[in-house]
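One structure follows; several queries about it will come next.
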Amino acid sequence: MRTRRPGQLWATLLALGALAGVVVGESNICTTRGVNSCQQCLAVSPVCAWCSDESLPQNSPRCNLKKNLLKDKCSPESIEFPVSEAQILEALPLSSKGSGDSAQITQVSPQRIALRLRPDDSKIFSLQVRQVEDYPVDIYYLMDLSFSMKDDLSSIQTLGTKLASQMRKLTSNLRIGFGAFVDKPVSPYMFISPPQAIKNPCYTMKSTCLPMFGYKHVLTLTDQVTRFNDEVKKQSVSRNRDAPEGGFDAIMQATVCDEKIGWRNDASHLLVFTTDAKTHIALDGRLAGIVLPNDGRCHIGPDNHYSASTTMDYPSLGLMTEKLSQKNINLIFAVTENVVSLYQNYSELIPGTTVGVLSDDSSNVLQLIVDAYGKIRSKVELEVRDLPEELSLSFNATCLNNEVIPGLKSCVGLKIGDTVSFSIEAKVRGCPQQKEQSFTIKPVGFKDSLTVQVTFDCDCDCQAFAQPLSPRCNNGNGTFECGVCRCDQGWLGSMCECSEEDYRPSQQEECSPKEGQPICSQRGECLCGQCVCHSSDFGKITGKYCECDDFSCVRYKGEMCSGHGQCNCGDCVCDSDWTGYYCNCTTRTDTCMSTNGLLCSGRGNCECGSCVCVQPGSYGDTCEKCPTCPDACSFKKDCVECKKFNRGKLHEENNCNRFCRDDIELVKELTDTGKNAVNCTYKNEDDCVVRFQYYEDSSGRAVLYVVEEPECPKGPDILVVLLSVMGAILLIGLATLLIWKLLITIHDRKEFAKFEEERARAKWDTANNPLYKEATSTFTNITYRGT
């Protein structure tokens, strides 16, 4: 995460500052330790060099910084200054696929490295790991055949065929085997009364079952999956007396009996352990008088039964972890809900182990195995074997998106074919007695490994030319070595010219750094002008004036330098992975990694191996709890968009695998999976409603159940729209006509009423119609004068 980069820069500056303090502080550490030999000089600090040139001026210190020695005219070929280095001895390229010749498959590179380290120095080297595609897989199914698993036995009778069908999608080279266990066939674990119960433990239940057995190997790993089905069908259950089973005995024998089981060297090894009960552990055998500790060896007899079941105790978790690691076996606990928390605790102590919740009848075991294999293949975790006590290692992981995560030696959320790298710093404390040693770094469950050969460069080349009884050392009172005299016992001085028996008080002023200060810091005797430091039960006193020791550093919780460093003249020199004045602050970050793959859940900073939550409202060991933070629906929505629909900000930033570690399963509809389930709904960019459920089971496995088809609004029906438009136009036209007719009618009625009103008010005079003409007309002749 980008928020960690300032922390990395600060750590780098602190380291550089510490180194600078050694060189340019108030005093030069190389000249203040009072060393008088080349070997002692190299042990003071990685920055110190020794000059064996006899022509070096007498007042010039031979143990000094290299640049100072050159200034003092020391010839370059006479300067002893070994430099720590790393050399790659073998580095085969990483393979891309696992098919073909398995001997040529390489998942770890380089394979061999040689380190040369001088005292208290360190060197960084790199390691790359790739989960190759189509890698061979061996699956050994180890089943509890106690009476309570009777229904489970019938459920797995066709498991071989189904498992092969599913696993063929992941590998073309699969082999499967079968074994069974109950418990030690001895009282008090078995029924011994009535006598018939010995041969038939189900006698009191009016039923028949097999005599009790510890562990039996049934089917050697084979690619003939039908044989698995046939052998399972032949099996019958037995019955034990107490609740815990003897499963750890079976795990141990299935792990160490390579030839019987048929584990291949070049394959992934999966040991599937199924049970519905607790299991006995080391020292439980004493209940039956069995006191002989488990020896971690194969004891399967000719009858394929565990022959030491009644004579050897159950194995311890530590022994089991050691053997599983040696044989590169990944253990899968497929257990029922009632004991899942117990086996979850076991898995935290056994690297490379996963836990799945088994249904009461084992009907889900197929999906459980496939999911567990996917989880195993999605993680790379380094383990270290045979590390010398004087060496300490610190890791930085580069997982996805080339992001460096300090203090981490594992990567999760990977896909098959992904390549991850680790930067490893090896630091030596002091100078080990055994000058050449080796150790191994390997990913858990991988056969491939990196072998690191270490040579501790504690000696000087000039020591090979030492001259015992040299005349230069006062006529043979010492050995002339690397330009100085190494005096024999009883002689002191630069040329071994002074006998310890010659005591002159006038020389005591040379044993005090300043006038008035104690002689030899009151921790030594001044002989011949030199301090001979006292021996101490607490440690070693050194220095020109006996001013230094390796036991006067600060203590934290009762341990010097917190038990994570060495005391060097009052200062703690911390081991790798530790820092601070007390060396009480770890630089590892794996303890801060949350289940979602983020440091402190992305809500805090990792300081000294603990999360300091900075987002308001967040709390928990990894800041995983935050009631006021955006809820799970808001956080998981981006993962659904990325993994299901291949879009969203996580997809654009290529961070899908990094932030989304949950399994996604597509369903037709959401069901009630219990109180640990959260139903979520959101509307996507297409305006569709997406429904999903976030569920985390008791084993810690998180699943996103996503409804396959989002609920999107339906598109418009063209015919309906067309008819609707036409109908609307027709209705509008009819409405317009009706309104127009109504208005006309209203208007006519108003006019008629007005006419009637005016007619009623009108008053007419009687007169002839001026237009009316009678039918006859009378004319008078004005010229007629008759009578």
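Quick reminder: no glycine exception, Cβ is built from N, Cα and C everywhere.
Found this in Swiss-Prot, in case it helps:
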type     : residues                                       : note
DOMAIN   : 29-75                                          : domain 'PSI'
DISULFID : CYS30-CYS48                                    : disulfide bond
DISULFID : CYS41-CYS63                                    : disulfide bond
DISULFID : CYS51-CYS74                                    : disulfide bond
DOMAIN   : 134-376                                        : domain 'VWFA'
BINDING  : SER146, SER148, GLU245                         : Mg(2+) binding site
BINDING  : ASP183, ASN240, ASP242, PRO244, GLU245, ASP276 : Ca(2+) 2 binding site
DISULFID : CYS202-CYS209                                  : disulfide bond
DOMAIN   : 462-497                                        : domain 'I-EGF 1'
DISULFID : CYS462-CYS482                                  : disulfide bond
DOMAIN   : 498-547                                        : domain 'I-EGF 2'
DISULFID : CYS498-CYS528                                  : disulfide bond
DOMAIN   : 548-584                                        : domain 'I-EGF 3'
DISULFID : CYS553-CYS567                                  : disulfide bond
DISULFID : CYS574-CYS583                                  : disulfide bond
DOMAIN   : 585-624                                        : domain 'I-EGF 4'
DISULFID : CYS592-CYS606                                  : disulfide bond
DISULFID : CYS613-CYS623                                  : disulfide bond
DISULFID : CYS639-CYS660                                  : disulfide bond
DISULFID : CYS688-CYS712                                  : disulfide bond
TOPO_DOM : 739-787                                        : topological domain 'Cytoplasmic'
Measuring Cα to Cα, how many Å separate CYS567 (disulfide bond) from PRO244 (Ca(2+) 2 binding site)?
49
I'd like to confirm something. Which of the disulfide-bonded residues, CYS202, CYS528, CYS613, CYS688, CYS712, has a Cα closest to the Cα of SER148 (Mg(2+) binding site)?
CYS202
Can you give me the same-chain residues 6 or more apart in sequence from CYS462 (disulfide bond) with a CB-CB distance under 8 Å?
CYS38, TRP50, SER52, SER78, GLU80, GLU481, CYS482, GLY483
For the recorded Mg(2+) site formed by SER146, SER148, GLU245, name the remaining residues of the chain with Cβ within 8 Å of the site's Cβ center, in chain order.
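Filtered neighbour residues, in order: ASP144, LEU145, PHE147, MET149, VAL182, ASP183, ASN240, THR275, ASP276, ALA277.
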Which one of these disulfide-bonded residues, CYS623, CYS660, has the sparsest Cβ neighbourhood, judged by other Cβ atoms within 10 angstroms?
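Selected from the disulfide-bonded residues CYS623, CYS660 on minimum Cβ neighbours within 10 Å: CYS660.
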For the domain 'I-EGF 3' (548-584), find every same-chain residue at least 6 residues outside the stretch whose CB is under 8 Å from a CB in it, and list them.
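Sequence-remote neighbours of the domain 'I-EGF 3' (548-584) are 11, 14, 33, 120, 122, 392-394, 407, 425-427, 429-430, 523, 536, 538-542, 608.
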Over the topological domain 'Cytoplasmic' (739-787), what is the model's average pLDDT?
76
Counting other CB atoms within 10 A of each CB, which of the disulfide-bonded residues CYS574, CYS639 comes out lowest?
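Minimum Cβ neighbour count within 10 Å, taken over the disulfide-bonded residues CYS574, CYS639, occurs at CYS639.
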Look up CYS498 (disulfide bond) in the DSSP assignment and reduce it to helix, strand or coil.
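Once the DSSP labels are grouped into three classes, CYS498 (disulfide bond) ends up as strand.
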Report the residues of the chain - excluding ASP183, ASN240, ASP242, PRO244, GLU245, ASP276 - with C-beta within 8 Å of the mean position of the site's C-beta atoms, for the recorded Ca(2+) 2 site, in sequence order.
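In sequence order, the nearby non-listed residues are ASP144, SER146, VAL182, TYR189, ALA243, GLY246, ALA277, LYS278, THR279, HIS280.
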Can you tell me which recorded positions out of ASP183, ASN240, CYS583, CYS623, CYS639, CYS660 are within 10 A of SER146 (Mg(2+) binding site) by Cα, answering none if there aren't any?
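So the list is ASP183, ASN240.
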Residues with Cβ closer than 8 Å to the Cβ of CYS202 (disulfide bond), same chain and 6+ apart in sequence?
PHE147, THR208, CYS209, ARG239
Return one of helix, strand or coil for CYS613 (disulfide bond), based on DSSP.
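Assignment for CYS613 (disulfide bond) reads strand.
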Near SER148 (Mg(2+) binding site), how many other Cβ atoms are within 10 Å of its Cβ?
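Total other Cβ atoms inside 10 Å, all chains included: 18.
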Find the shortest Cα-Cα separation between ASP242 (Ca(2+) 2 binding site) and the disulfide-bonded residues CYS48, CYS51, CYS623, and name the residue that gives it.
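So, of the listed disulfide-bonded residues, the one sitting closest to ASP242 (Ca(2+) 2 binding site) is CYS623.
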